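Notes to accompany the following structure.
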Amino acid sequence: MASVQASRRQWCYLCDLPKMPWAMVWDFSEAVCRGCVNFEGADRIELLIDAARQLKRSHVLPEGRSPGPPALKHPATKDLAAAAAQGPQLPPPQAQPQPSGTGGGVSGQDRYDRATSSGRLPLPSPALEYTLGSRLANGLGREEAVAEGARRALLGSMPGLMPPGLLAAAVSGLGSRGLTLAPGLSPARPLFGSDFEKEKQQRNADCLAELNEAMRGRAEEWHGRPKAVREQLLALSACAPFNVRFKKDHGLVGRVFAFDATARPPGYEFELKLFTEYPCGSGNVYAGVLAVARQMFHDALREPGKALASSGFKYLEYERRHGSGEWRQLGELLTDGVRSFREPAPAEALPQQYPEPAPAALCGPPPRAPSRNLAPTPRRRKASPEPEGEAAGKMTTEEQQQRHWVAPGGPYSAETPGVPSPIAALKNVAEALGHSPKDPGGGGGPVRAGGASPAASSTAQPPTQHRLVARNGEAEVSPTAGAEAVSGGGSGTGATPGAPLCCTLCRERLEDTHFVQCPSVPGHKFCFPCSREFIKAQGPAGEVYCPSGDKCPLVGSSVPWAFMQGEIATILAGDIKVKKERDP
C-alpha cells in the first residue's frame, strides 16, 4: 500500500518533497506544492522557479544531484540524462548491503567521499528510486553537505536570505539595480523593497505631473479643446469627488477627484483620463482606471497569480450618491463613447458631488476585515502622519489643496477658500507635535483635534509609548471646519481654533496626544479613564463599540466600528495614570 501511495506522489519543484496530487498546483511553469505557494506568495512563484532552475543547473546537479522522478518535466533532469548518455560509461558500482530505507550506520558523507574518490557519482535508475537505502524519499542522495547547500541556495532566493552576488549569478537578467520584473508580473507588485519604492516614487511623480496639467486645464476650463471635450470634462468635474470601490472586495475604496483629456491613439482625437486617490486619504494618486484597478486587484488577493484581462472598468463600482449605498459599475457611467468624447455621459448615471467642506469625510476608513491581510498595502485605519520615507511619493501642498476642488461659483466655493486636504492637515499636526494647546505659541496653529496624534493602531508602536489608541480613520479637522467639529462634538469651549479638547463623557480637558477618537463622529473624543471604564463595563466577551454608547457606523457603510484587541489592551494598560501627562 505504501508503494502505491508513493508512486502517486509528485515532486514539488521548489522544496523537492513528494506531495500527493491534491496538494500540487499546476498553474505555473513547474509543478509546485500548495505549501510553497502559500509561503512565498503566488506573485513570486515564477521568479523563484526561475531562480531554482538556474541553481539546479549551475550549482546542484554537477555535484551529484538526482534527476528526480520521471513524472515531472524538469529541464535540469533532461540535461543531466543527455549528458549521462553521451559521456563515458562508468564502471558499475560495487553493491554494498544496506538496510532498506535507512542507509545503515554509514553516514552520507562517507558514501559521498567513496563515490567521488572512485571517480563516479551516484546516478541510480528510476526503478531504484524508492528502494535504494542510500537515497531519500525525494530521490536525492544522502549527501548532507550538498543537500544542505542546495536547500540554503533555494531558500536564499527570498529577500534578505541570499547574498546579492549569488542571486545575480543565479537569476538571468539581474543587473546592478536589482531584480527586473519577471514575465507575467505586474509592475505594481512589490519584488524588493528598494526597487519597489523607487518604482512607486517614479510612478507617483509621473502621476502628479499629469495631475498638475489636469488642474491647470481645469482652472482654464480646458481652453483650446473642442467644445464636446470641454463640456464633457466640465460636467464630470462638477461631480467630483466621488467614491469608487473594487467590485470583488468592498473594503478597497478610493475616490475619483479629477478628470482630463489626453491624446488618443489613431482613431480618436482625445481620451478621457481620471485621477483616483487610493486608499482614501493616503495621497497615492493613480492616473487612469487600469492602474488603480490593478492595484485593487492585487490587494484583494482573490485570484493570486492572475492579471486583469480588461481595461479595469468592469472591476470598479462608483457611488452615485454619498452614503446612499447605491453603487453602480463604473463602465455604465464611463462608456466607450463617453471615454472617447463621442457622446455625453448619461445624466441619470452622473454621481452627485459630496457637499462637505472637509474632504476627509468623503472616504471613511475601510472595514476591519481587509485591514489585516496585507502588510505592503497601506490599508490601515488611521490618520497619523507617516514620515518614514513616504513623503517623496505624496502630493505637494499646492496639489493637495487642489485635489478637493469645486467648480468656481459653486455653492461651497465661498465657504472653503483655503480648506487643506487631510494630508496637509496631518503634516501641520506632525510639525506641531510636542506643543500643547495650552502653550502660548499654539493658539494660532491648526486645531489638533480629530485625533491628530501619532496614535494609530496598537500594532504600530509598543504600548509603553502610549501614543497609539485613537482609531481615527479620517477625523482630521481643518482650521475652517474646527468650530463646527468641536461644537458638534460637544466640547463646549467655544468655536475658536485654539479651543481645548474635552472628553465627551466627563467633560475634562484632554491632552492633545492622549485620547481616543471615534473614526465616524469627529466630535466623539474620550479620555483614557472613561474609555477604560467603558471597556471594563462591556465585559471580556463581544465587540466593544464607541464609548459614547452608540454603534457609530463607518462612513459609507452600515457596519459599526469596534475596538481591536491590541487597542483594548493599550487602553487598559495600568501605567497610564493621568489624562494630562506629557511625553518626555
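Note: Cβ is positioned from N, Cα and C throughout, glycine not excepted.
Annotation comment: Swiss-Prot describes 197-217 as coiled coil. The compositional bias 'Low complexity' annotation in Swiss-Prot covers 449-463. For LYS227, LYS438, the entry in Swiss-Prot reads SUMO2 cross-link, with the evidence type a large-scale study or a structure entry. Annotation comment: Swiss-Prot describes SER66, SER125, SER186, SER371, SER384, SER421, SER436, SER453, SER457 as phosphoserine, evidence class a large-scale study or a structure entry. Per Swiss-Prot, the feature omega-N-methylarginine maps to ARG177; the stated evidence is a large-scale study or a structure entry. Taken from Swiss-Prot, the feature region 'Disordered' applies to 60-127, 346-420, 433-495. Annotation comment: Swiss-Prot describes 503-550 as zinc finger.
Counting every protein chain shown, the Cβ of LYS227 (SUMO2 cross-link) has 7 other Cβ atoms within 10 Å. The DSSP breakdown of the zinc finger (503-550), given as helix, strand and coil counts, is 11 helix, 7 strand, 30 coil. Looking only at the coiled coil (197-217), the predicted model's pLDDT averages out at 76.
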